[in-house]
Amino acid sequence: MTRKTIPITPAHAVRLEPAGTGQRIQLTASPPLALYIHYPWCVRKCPYCDFNSHTLRGDATPDTGLEARYIDALVADIESALPQVWGRRVHTVFIGGGTPSLMSAPALDRLLTAVRTLLPLDPMAEITLEANPGTFEAARFRDYRAAGVNRLSIGIQSFDDAALTRIGRIHDADQARRAVDIALTNFERVNLDIMYALPEQNMAAAMRDIDIAIATGVSHVSAYHLTLEPNTAFAHSPPPLPDSDLSADMQEAIEDRLAAAGFEHYETSAFARPGQQCRHNLNYWQFGDYLGIGAGAHGKLSSHEGIVREMRHKHPTRYLEAAARRDFVQERREVAAAELPFEFLMNALRLTDGVPTALFSARTGLPLSVIADRIDQAVAAGLLAADPLTLRPTEQGQRFLNDLLALFLPEAEAA
Amino acid sequence: MQHIRNFSIIAHIDHGKSTLADRLIQACGALSDREMEEQVLDSMDLERERGITIKAQTAALHYKARDGQVYNLNLIDTPGHVDFSYEVSRSLSACEGALLVVDASQGVEAQTVANCYTAIEQNVEVIPVLNKIDLPAADPESARAEIEDVIGVDASEAVLCSAKTGIGIDEVLELVVAKVPPPKGDPDAPLKALIIDSWFDNYVGVVILIRVVDGVLKPKDRILLMSTGAQYPCDEVGVFTPRSVAREQLSAGEVGFVIAGIKELQAAKVGDTVTLANRPAGEPLPGFREIKPQVFAGLYPVESSEYDQLRESLEKLKLNDASLQFEPEVSQALGFGFRCGFLGMLHMDIVQERLERQFDMDLITTAPTVVYEVLMNSGETLRIENPAKLPDLSKVAEIREPIITATIFLPQDYVGPVITLCNQKRGMQVDMRYLGRQVQLVYDMPMNEVVMDFFDRLKSVSRGYASLDYEFKEYRLADLVKLDLMVGGEKVDALSVIVHRASAQYRGRELAAKLRGLIPRQMFDVPVQAAIGSHIIARETIKALRKNVLAKCYGGDISRKRKLLEKQKEGKKRMKQVGNVEIPQEAFLAVLRTDESK
């Protein structure tokens, strides 16, 4: 089923209920609000990456004016979005990409100053910047810190030269270690992205990567199973990957190792020392709101009229052109009431501890009764914990989250 | 009558029968160029794709010969596949002559030979034609020698032609006039007409194609079909040019159609004799046979809600396919569906494909099976068309299986592997002859082994060069057992097969292993077992999947991740839930393919 993109008009706004459910959503309070800022350029596109990232060519370096134009556009983007989030406090900021650590420190400073000026940013807000090894210069990272960034998320992926080459990264193991050193010198909160089940990787190699990550002393690790996403170079010509049993073994071993080191496995792929969870990501998984600015950024915003998803113009060039017209949004659609339970659970059930049951109604505006039958099914299948106070996957449900979620997919409309 | 020539064309698939028919029609000016659709005689899409003719059609042509006289040439098309050998024999018995078309670059093939023998048995004059002589690989001399060696027909005067370029077409027509004898028959005798073919037309009902042997048929006559005794008023008679043209009468020696308000195709059986109710013929024409389906399979809708739609589709197909049989069937594993009977494997493929393409059905087809005769201790004989229905062996005195005689033509190089294959398939050699470039092998073989995967494997061991023709021979006592398969501890009735006891152990192990590979891993271990009665002979375990979870999901991924999950769910929908295991469609056909076929 392809969904049409419908522009928000008053006529649509009153017709929230999709055919079939007859439900009208009723939100009693606004969820917490986060801000996501997308920086769409990378030194080079990785063969497994399906994010909105584009190779930064020579003509797009900071001194050509492109960077300044992009920051201008981001600021204008926030300004144009202000009516939608008026008066709502922003709890976290996440600058992702692409490789946002390609930004110059003054540019980042200007951006964050604009954010603070335009939006009511929580003084204790978590402000995360994504960074890739190979872009690390000590001075610049010190300046990032000074600009207000207080958490760094580094795309290490592996500490093994051969593995890094196979997945097309621009950095090597030395650069990876140096990046972590620089990060830890300037930031208390650092996340390392590690991937396992890499091409030709064996168990020992996967464990070496995770051990090194732990030994650095960082407070957060994201351990991802390498996935061949559609429309990537890897999906087009797949490299030789470990089979599903080996990669499952790797996952279990990684979980054990991280647990032994004091990390809490709080989401499918996320591990944190106590109190060090990524608050920005938690907000996604708790079905909070987020404003997404920058090329291709996605946002989800709730109001008394319903829940809306929007996406900014995707290609950086189109985005910059559109910015000149103050027309940032490429797609905007209301989430139908029938789709909300699935979307909510797709996020919430990623969390090991799930969410309080009451959050379902608070975030979706729907009574729990709309999914009562399916909850019973999921509990009977041993995938959902039989706990009236929380919506939480069982251990089996965590491993087979797709099967658990499939129970909540809206039935396809009869042709 | 002296100016009538009734003839058909015998040719192997791809040897150019349809193209030659087109050329002949064109040369006689029956259709203008504008009307001349390529290969007019093969009107159905599927036939065109597969290059085979299923329904016999006909064209009445006027040809002005070199002797200055105008002849009525009736070209009677014949089906070109082994499943339809009875239809071929009826078409041929309506003719006095047959063009034996042989591809000059490839030589004689099994079906051509079989059909040619049928023609010779019916005293039909066989006229060899070497086609495709325009091809660089054409070797008319070898092909000529082969026709003489293999079929024993004098090929010294064989016409060289190319239906593609038009070379030699006039010579072919002249030869038809010169060599095909004019029909003999008595126009004054009581009507005797052979039903060559019949089909259903939405506007006029059943159209019957007949060859009048004796007598005359006019509209308003009351016809009598001799096998059933049914009577109908004749509404219209006429000929195909190939367009239909009404005539005042059809008389002895002529070929044409009859429309008599018949609603059901089964009423007008191919091979039956048409006579007049008020002046019936003494006895029918020889050779009539009730045709019975040889191969059965269960057809089930993937979506159980489409059961009614499947029934309607089968009913529509049956309108034009008297040999298709179906009756409702219930499978524990697959739900409600139909047990369908087919003339052979090709017929089954065609029906399945029409259901899927023309009627847009999603189907699960069980492995095809032959009809077994089961003699019960009580003395009763049962015909078993579904392995799941085989009675408990303690009540069975004996099981008999159908045996066919298979004739295989192949180049000498492949004799070794083909003989090995025939032996594997429990074949008994009857004859082996070296004929020029080719070898003719004749085997008696259980039909059960042929429907399994024989044809595919024959093609593969001979690199596509072997050709096969077969006919039913007899029912023969055999030591057969029912092999059941259990998935997750539950017997899956649609997977049961009847196999020879000697190969049961091996097949059981092989099938269990194959199912293990085809059934996707589930959240739990799933045992796959093969059993004869209560005796487990093989066991495999589908090991539990370890996880099924998306590694990443953040704010921007929602709709993409959701689509991924929807796709996963959609994939599962196409599987059948047996107990708590999802079994994909391919698994039900796995029983068809043996390991050696890979």
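A Cβ is built for glycine as well, from the same backbone N, Cα and C atoms used for every other residue.
For B:D14, B:H15, B:G16, B:K17, B:S18, B:T19, B:N131, B:K132, B:I133, B:D134, the entry in TrEMBL reads GTP binding site. Counting every protein chain shown, the Cβ of B:G16 (GTP binding site) has 25 other Cβ atoms within 10 Å.
As annotated by TrEMBL, domain 'Tr-type G' applies to B:2-184.
Neighbour density at the Cβ, taken as the number of other Cβ atoms within 10 Å, is lowest among the binding-site residues B:S18, B:N131 for B:S18. Listed in sequence order, B:A104, B:P140, B:L160, B:C161, B:S162, B:I167, B:G168 are the same-chain residues six or more apart from B:I133 (GTP binding site) with CB atoms under 8 A from its CB. Across the domain 'Tr-type G' (B:2-184), mean pLDDT in this model comes to 81. According to DSSP, B:S18 (GTP binding site) is assigned to a helical segment.
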